[in-house]
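According to TrEMBL, the feature signal peptide maps to 1-18. The feature transmembrane segment is assigned by TrEMBL to 34-60, 90-115, 121-139, 151-173, 202-232, 244-262, 282-301. Annotated domain 'G-protein coupled receptors family 1 profile' per TrEMBL: 50-299, in sequence order.
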Amino acid sequence: TCLLLLSITLLLESKSSTEKEFVIEGFEKVERKMAIGVVMLIVYVLIILANTLNIVFVILDKKLHKPMYLLICNLAVVDMLYSTSSCPTMIGVLLAGANTISYAACFIQMFIFQVAETMELFALAVMAFDRLIAISFPLRYRSILTNVHTIAITYFLWVAACAFVTLMPVLLIPMPHCSNRLTYAFCDFPAVVRTSCLNPSYYFNLATIVLFFLLFFTSGFICLSYAWIISVVLKSSKNETRKLLSTCFSHLIVVVCYYVPLFVRVVFTRIGLVLTLEERQGLMIGAILGPSLVNPFVYCLRTKEIKNKLFVFGRKINVLITKWYYSNSNIINTI
């Protein structure tokens, strides 16, 4: 509903706008565009396939219909939305030279990207909450965090993400544009602001306040959750400690992969770190593709149930290929 209302508003606003489309110039200085585009395309396809397999495994196996796996599915959806909101545009620019995007489509892309970025923060925070309840209150885990409660929390977080992000495009829609040239690789908030005739400082400061709040609120919640978990682990025996740490290891890998580039791009640049436009864009693209690709493989390899399902699926595929080969061996030999 939020996206539909925004889309209608953008279409109405775009009719009266003097700018009909933006030109993406973020890759103008990049060499070997074709090679980078092919690599990005391969990574994007792997992201979609890996996350889709994670979701399919959880949906088809009733034994996996548990809060933790519902949260893994939610993270997979967020990762696909996060990469899809930007990668097709960048791949189109690099491989096909399609470097123009309409005014309405640009704002819709920006909105979806910002929602996915915000939901990535929320998804990792609620997964830390899941581990906190599972380790601190193991006997009450099933009563505290049921499937219904998990779905309700996830739904609330999606609504909250839309509410936080809607402010940005609403501020930018009536903004007059002195240029239609986007110096970034896709329609991100800073890219659109820099095309305005107005002083961008106010908009950058406002966006920084919102992002700082979300970043430090979620990272602070995750740190406090793990501080509590560590206090519980220290009171446990060695065998229990290994088991407890093993259940958190996958989540910690995912948190590090996402938060480290984000802190460098958002926080460190505000306290003195100077990055060129190319370095900032490279960090942004890495922050989009890296975690979205790592997350499904981490949970496939570290989560026993999903790993077992993957092995069973692989065996079935191998059996089907073997049967097909032997059934068609005479035709193959004749050829």
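All positions are counted from 1 along the displayed chain.
Note: Cβ is positioned from N, Cα and C throughout, glycine not excepted.
Two recorded stretches are said to be in contact when at least 3 C-beta pairs lie under 8 angstroms, sequence spacing 6 or more; the transmembrane segment (202-232) and the transmembrane segment (121-139) meet this definition. On the 0 to 100 pLDDT scale, the model's mean across the domain 'G-protein coupled receptors family 1 profile' (50-299) is 83.
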